[in-house]
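In TrEMBL this protein carries:
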- 5-83: domain 'ATP synthase F1 complex delta/epsilon subunit N-terminal' (DOMAIN)
- 87-131: domain 'ATP synthase epsilon subunit C-terminal' (DOMAIN)
Amino acid sequence: MASTFRLEIVTPDRKFFEDDVDMAVVRTTEGDLGILKNHMSLVSPLAIGAIKIKKDGVYTEAACAGGFVQVRQDKTTIITDSAEWPEEIDIERAKRAVDRAEDRIKSSHAGVDVLRAQMALDRALNRLKIVKRD
């Protein structure tokens with residue numbers, strides 16, 4: 001398969017994914033980025049969103065908590081704090097995280113880090129979105 005490239009997804013806890021793929025789509029801070037073999041080299045920050053992987057004509061998706069992507073001709077590396085397959089996501093835990101983050105944002109009293117609460121909310125909503133697509 002001459003049209004594949006190596007995709008590696010690494011978290012602090014594990015090598016989440018490593019295989020030859022046809023295509024990957026990631027959400028950068030500037031928007032979605034589709035990656036094919038021989039893509040122009042780049043490094044970009046990732047936003048909270050999905051990582052879409054196409055291998056042998058089949059698409060899979062994982063939740064990504066942001067990070068960085070490095071693209072080279074034959075290999076793309078994603079470094080993220082957290083990546084999860086839909087079947088790894090605890091739906092009830094994610095719903096509780098949404099509720100907690102929303103409560104923290106609404107309270108907006110001294111000592112509440114609203115930006116941190118918003119990021120927690122975005123991560124939890126992304127996890128729920130990935131599960132619903134599965």
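Here, residue 1 is simply the first one shown, and the rest follow in order.
In case you wondered, yes, glycine gets a Cβ from its N, Cα and C as well.
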Long-range neighbours of the domain 'ATP synthase epsilon subunit C-terminal' (87-131), counting only residues six or more past its ends (CB under 8 A): 48-50, 61-65
Residue counts in helix (H, G, I), strand (E, B) and coil for the domain 'ATP synthase F1 complex delta/epsilon subunit N-terminal' (5-83), per DSSP? 0 helix, 59 strand, 20 coil
